[in-house]
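Comments concern the structure below.
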Amino acid sequence: MAFILGSGSPRRLDLLAQLGITPDAVRPPEIDETPAKGELPRAYCTRISREKVAAVEAGPDDIVLCADTTVALGRRILGKPADADEAARFLRSLSGRRHRVITAVAVRRGGRLWERDVVSQVKVKRLSEGEISAYLTTGDWQGKAGAYAIQGPAGAFVPWISGSFSAIVGLPLAETAVLLAAAGHSKFKGDT
């Protein structure tokens with residue numbers, strides 16, 4: 001049995017390390033992450049994590065873990081910005097408001113699937129144009145849903161969260177441990 005992480009995210013690798021787990025392989029899946037017309041953020045996030053875990057090649061006894069993190073402002077999905085201009089628009093829209101960060105986790109072993117999603121609330125302080133410009137020059141917005149990472153420089157913009165910090169970063173640790181135990185990961189033998 002091999003444990004495969006279906007993600008290229010260094011943050012997810014770090015979070016798994018907090019559980020004492022190192023993947024035997026890292027295989028980021030290639031899927032189309034375009035939201036369907038009218039698709040709601042939570043349904044979108046769950047669909048993407050399922051599609052990711054289905055797209056990873058694995059043996060019948062291997063355990064595959066995939067996740068998707070989505071930033072939602074109301075019904076609007078804020079994905080990974082294409083460029084600095086879009087990142088600035090995202091940050092302006094989040095400024096002074098609460099939004100949701102949804103992380104869906106899917107674990108597959110053979111034909112079985114275990115999944116869970118975690119919804120956290122995040123408040124972003126009012127941002128000045130100077131703060132937005134300075135943040136954009138760091139490049140930290142690149143490849144990040146909603147144009148920010150709470151564990152990076154943008155953490156200074158977040159005075160309040162409700163929910164799971166690790167889920168906001170990209171992998172809810174408590175829920176992930178439960179899913180891996182259900183799938184029979186050796187790290188959790190005897191824990192169920």
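Using the three backbone atoms N, Cα and C, a Cβ is placed for every residue, glycine included.
Counting Cβ atoms from all protein chains shown, ASP68 (active site, proton acceptor) has 25 others lying within 10 Å of its own Cβ. Per Swiss-Prot, the feature active site, proton acceptor maps to ASP68; the stated evidence is sequence analysis.
In three-state terms derived from DSSP, ARG11 (site 'Important for substrate specificity') belongs to a helical segment. Take the CB of ARG11 (site 'Important for substrate specificity') and look out to 10 A: across all protein chains shown you find 17 other CB atoms. The site 'Important for substrate specificity' feature in Swiss-Prot is assigned to ARG11 (among others).
In three-state terms derived from DSSP, THR69 (site 'Important for substrate specificity') belongs to an extended strand segment. Around THR69 (site 'Important for substrate specificity'), the C-beta neighbours below 8 angstroms that are at least 6 residues distant in the chain are CYS45, VAL101, ILE102, THR103, ALA145, ALA167, ILE168, GLY170. What Swiss-Prot records for THR69 (among others) is site 'Important for substrate specificity'.
Annotated site 'Important for substrate specificity' per Swiss-Prot: GLN151 (among others), in sequence order, evidence recorded as sequence analysis. For GLN151 (site 'Important for substrate specificity'), the same-chain residues 6+ apart in sequence whose C-beta sits under 8 angstroms from its C-beta are ARG11, VAL169.
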